[in-house]
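Take this structure first; my questions come after.
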There are 2 protein chains.
Amino acid sequence: MDLLTGFKIFIEKEQLFAPDQSLLLAVSGGLDSVVMAHLFKAAGFRFAIAHCNFQLREAESVRDESFVKTLADVLQVPFHHIRFDTLTYTESKRVSIQVAARELRYEWLEETRTKAGYSFIVTAHHMQDSVETLLMNLSKGTGISGLHGILPAQGKIIRPLLFAQKEDLLAYAQENGISYVEDSSNLTTKYTRNFFRHKVIPVMQEANPGTVPNIAASIARFREAEVLYQQALEKHVRRLVEQKGNMYMVPVLKLQKTIPMQTVAWEIFRKYGCTPPQLPQVLELLDSTSGKIVETATHRIIRDRQWLLITPLVETEAAVIVIEKDRSVVATANGILRLRTVVRKEQTPIPASAAIACLDKASLQYPLLLRRWRQGDYFYPLGMRKKKKLSRFFIDQKLSVPQKENIWVLESSKRVVWIVGLRIDDRFKVTQHTKDQLTIEWEAL
Amino acid sequence: MDLLTGFKIFIEKEQLFAPDQSLLLAVSGGLDSVVMAHLFKAAGFRFAIAHCNFQLREAESVRDESFVKTLADVLQVPFHHIRFDTLTYTESKRVSIQVAARELRYEWLEETRTKAGYSFIVTAHHMQDSVETLLMNLSKGTGISGLHGILPAQGKIIRPLLFAQKEDLLAYAQENGISYVEDSSNLTTKYTRNFFRHKVIPVMQEANPGTVPNIAASIARFREAEVLYQQALEKHVRRLVEQKGNMYMVPVLKLQKTIPMQTVAWEIFRKYGCTPPQLPQVLELLDSTSGKIVETATHRIIRDRQWLLITPLVETEAAVIVIEKDRSVVATANGILRLRTVVRKEQTPIPASAAIACLDKASLQYPLLLRRWRQGDYFYPLGMRKKKKLSRFFIDQKLSVPQKENIWVLESSKRVVWIVGLRIDDRFKVTQHTKDQLTIEWEAL
């Protein structure tokens, strides 16, 4: 099959774009991108050419820029170009030249695409590039997502040459008398990539000349395997993760029995800031006692009886946790609330601890809200007929500023029910008429 | 962590064997297997040593054998050994020396294991071996199953050194003054494996010194990913493949809508002899007309209206297809039966074609059987009061021997109902009393 036919078939098979869409081709002037531009012309697609001059190779950079401009003229398509002060960017952002070039390039391409109304940015990655990516990921260590190589479509970037081998592009250029410039350095590829390109892959090809197309065919299969992986994973996550407000609950026993446990646990906890080296600590919670905590960058994972509770590390001031009627546990950044309803028996004493609130359930209106206290909040302290400002109450209690910051208030239809861990409101206390008693325990972490 | 501790932890984690089980260690005399034997001794496990002398390296082979015998004496464990005439085997079986050695070795090890009552055969494959396997599979092209490297347990073979790197084994030997023999050739590894060991992996390590442990860690994840893959796959197969007797039916529309289609289709059809190059042909059936067929090595895959029917290529003489009352299609190696029940209307004519049987459903007893005709079979040919031997009927019909071999007989409680495609039995014909008529069409393939 000739290159142009393969190109059209690949675009259709992967549904990269529609024939009426206009595209922005990133063209460096090298073999891959120049052949790509010619293929787009030959196929009759609508496109423009974009070129970045990173001003890192002096005369060579200027030569490339004017080469690509001429190419755009010859192909009679719009030409977009820019010159970057890459070195200054590198210094100010403290990143490597490779990272700088990459960031500058994609930012400008996306800006140009949006402004001029192109549907997609098109890059000239081919089969070898994708195989290099897979092998690099492998040598660094990877999960299944590292096996899909370079994707044909990702957001607004498409790569219609992934079906083609470097040699095919070279042959096409020769057959069609297409000239291109030789890059003395390839800015957008790191050293490691060049090493895999020039050292690793050639040795593998010595063992098996079909290495590149064989790995490319495997990549196509891995992409589908990843879909199956995700399907099975989603089922496990639905089964294992229960959301309660801004908290997530994972049942310990169910997770322990899950097959495959490690991977499913990883895929669950990574979403809450868990890193690979932290995973063993999180899994230790499965065998530990209630109260043990692992902190990730963003969340607390708390062993609480038969559950792992996942709760955000920092509650924003605006954070409001909604507590529905059936809720039995609420985890916050600094403590856990446990709720249970019991039928009130007159002889049962009311615990003296301020950490336990005994409330007349009939006096409450659901959903309850758990929120930070605010200036202007007031309540009727238990045993008093007169309302009191919370700010005043806190002074009487001699709370420090950080203590005050950590105070939670339980609210029922805009009325304060409980200053959590300190005092309940008189209007919600248990009386001789109480039938259902809501007991809430506060366990500070 | 020292090697012995890592060894014990790995055995427990992978549940390779129980402490009271006795094991048969395959020991060549090289570093890996000798260190393994010492680890088993140090851990206090029960084991014996087995050594194969392939008699391919003359004096060296004899040296290795006596070295391993001495090792068994020193470790005070039973010693099993054998000498193979590997070259003769190679010639008589026409296989390579590598294949010969492998076959001879595992056959003899398994025999020894069974006879002497060992629980498992133990081989000394380590982390590098597994990484080599993965990279070799990749360069040849593979699906997800090629990514699990060498498995820690497979049938009666276990590999408790897969957690360890070659260097760890070497260090252990040096620290503990363990001597071993140097193999001038490693018989059980192919040229390709040695090439990956000595050429490919060292280059990858140049790019990333952690390549081997990184790939090994990935392998552990891929093994779990494969489990998720299988879970999702099984769900698709259950949804897509319907068994009817010895035939399987796949609904075309459902398969076309399946995501990911290619992989799920491959995993379904490979079980019925489909090879990778045949898959595109099978998938073409999804867009083709009724009657198109793809033959695999073992099965026929037939496009039949909204279904793909999968039926064994060769029906054994003993093959009997059971037809339950609700069955509407039956596929055989040489044709398809379609069954439908209609309420008999007197004016409806009975088709003249011998390929269509119109039967009085009330006269039939389910399940019906479809089978090859047998010597001694007889029936009452339509329109006759006298029974006739099938052998006689075939002579009258002037059937050739191969034609006779392909004849199917439909049977209802041991009575012949229809000589398929030729003549129905008079006892089952439609009469004026028939209410439900069973119409069966025979479509030869």
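Keep in mind that glycine also has a Cβ here, set from the backbone N, Cα and C atoms.
When I checked TrEMBL for this same protein, it listed these features:
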- A:Ser28, A:Gly29, A:Gly30, A:Leu31, A:Asp32, A:Ser33: ATP binding site (BINDING)
- A:368-440: domain 'Lysidine-tRNA(Ile) synthetase C-terminal' (DOMAIN)
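Quick one: where do these features end up spatially?
According to DSSP, A:Asp32 (ATP binding site) sits within a helical segment. Around A:Asp32 (ATP binding site), a 10 Å sphere centred on its CB holds 22 further CB atoms from the protein chains shown.
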Which of A:Gly29, A:Gly30 has the fewest nearby Cβ atoms, counting only those within 10 Å, among these binding-site residues?
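Across A:Gly29, A:Gly30, these binding-site residues, the one with fewest Cβ atoms within 10 Å is A:Gly30.
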Near A:Ser33 (ATP binding site), which residues of its own chain have a C-beta under 8 A away, given they sit six or more steps off in sequence?
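A:Ser33 (ATP binding site) has long-range Cβ partners A:Leu25, A:Ala26, A:Val27, A:Thr123, A:Ala124.
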Would you count the other C-beta atoms found within 10 angstroms of the C-beta of A:Leu31 (ATP binding site) for me?
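A:Leu31 (ATP binding site): 21 neighbouring Cβ atoms within 10 Å.
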When you measure from the Cβ of A:Ser28 (ATP binding site), which residues in the chain that are at least 6 apart have a Cβ under 8 Å away?
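Listed in sequence order, they are A:His51, A:Cys52, A:Asp64, A:Val68, A:Asp183.
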When you average the Cβ positions of A:Ser28, A:Gly29, A:Gly30, A:Leu31, A:Asp32, A:Ser33 for the ATP site, which other residues in that chain have a Cβ within 8 Å of that mean position?
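For the ATP site the neighbour list reads A:Val27, A:Val34, A:Val35, A:Met36, A:Ala124, A:Tyr180, A:Val181, A:Asp183.
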